[in-house]
Amino acid sequence: MLDPKLLRSDLPLVAERLARRGFTLDTARLEALESRRRELQTETERLQNERNTRSKAIGQAKASGEDIQPLLDEVSDLGERLDAAKARLAEVQAEWDESVAALPNLPHDSVPQGLDEADNVELHRWGTPGTFDFEVRDHVDLGAKFGYLDFEMAAKLTGSRFAVMRGPIARLHRALAQFMLDKQTREHGYEECYVPYIVNDASLTGTGQLPKFGEDLFKLEGDHDFYLIPTAEVPLTNIAREQIFTPAELPLKLTAHTPCFRSEAGAYGRDTRGMIRQHQFDKVEMVQIVDPATSYDALESMRGHAEAILQALELPYRVVTLCAGDMGFGAAKTYDLEVWLPSQETYREISSISNCEDFQARRMQARMRHPEQKKPQLVHTLNGSGLAVGRCLLAVLENCQQADGSIVIPEVLRGYMDGVERINA
């Protein structure tokens, strides 16, 4: 959520920065709501003061033996008018809050100008895409050849955009997740967490999925407002909700391996083949809760933590800085890591690392207090994939395929697979 003080003090600046995202801010509506809010606030305070004055007069009149009924009637009337003014003020405030909750984060000054992925800026590439002297198969054909990756069975069990993995491919998928967790905890200093895969609406509001993106979520039926998590970012980041940290407790670095569930409501017809876009997929998530003064250093570190996974697996990739118009709702700056897929002869997203600054923290009231400060300040929150396990699996299958259809297991994963070096057809 954006800073209400900034919205009230410099709305044109907010509108200008949001325009970089391609977002048109209805300044007239916000100005009208704020004007009405101030009027009602003033009226409420006036009526409150007037009622207090009349209430005191009742005691004085009673002590002097005067008829207090007219004063009682006046106080009663003032009370009714005050209640009505408070109700109108609450309605206007709720309308203001709803409008502000729908506003995306402001892009950082270093974010490139642009409206979509065509305007993203490549930072660098690592590794050289391999050359093959045979016809390259995609992960769907490779899985069908093995019989260990079955989309037809998944469609029978559930529907489209699901997968059944068996045997060595299921084991390779698990090995990837374990390797990622070990890398993030042992080398990069994250604390491993086990979190609920079901969260409430307050958690999703805290990280920004609600109220605007409810259609992208799987909501459970029942008396509670429960949802399947779209990413472990939601429970991990909300660990900081309504907390006040000391400087010594930060940075808080958390990681978790979870399934993620997304309706993909806006992805009809896109990436319908294979594991690129699934309703259920696994991901190792990284979250950092940090002092605002260090958040952009943390962003660079997190990018390195994600890159280290791809480098260890020897998978070619590139890093891009997302332009303002292509960033997620809560992000102030985002890097995407894109892995090379030989079957598509292009790079595809495998990790997104974002600094949300205080956007989520304001919603969650996640704060810190320096010893020299009287009031606590909002922390900054960052999140990123370290990495998407399913997409990493298909990248390994495609980049490590051999002419005979076998898959060479990356060396760093062999210890997780009892020394197996190759998956044979």
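Each Cβ is built from the backbone N, Cα and C atoms, and glycine gets one as well.
Swiss-Prot annotates Thr231, Ala232, Glu233, Glu285 as L-serine-binding residues; of Ser160, Ser352, Ser385, the candidate listed for that same site is Ser385. If you check the binding-site residues Thr231, Ala232, Glu233 against Ser351 (ATP binding site), none has a Cα inside 10 Å of its Cα. Under DSSP, Glu285 (L-serine binding site) is assigned to a strand (E or B) in the three-state scheme. Largest Cα to Cα distance within the recorded ATP binders Arg262, Ser263, Glu264, Glu349, Ile350, Ser351, Ser352: about 19 Å as a whole number. Neighbour list (Ser352 (ATP binding site), Cβ cut-off 8 Å, at least 6 residues apart, same chain): Gly328, Thr334, Tyr335, Asp336, Leu337, Gly384, Ser385.
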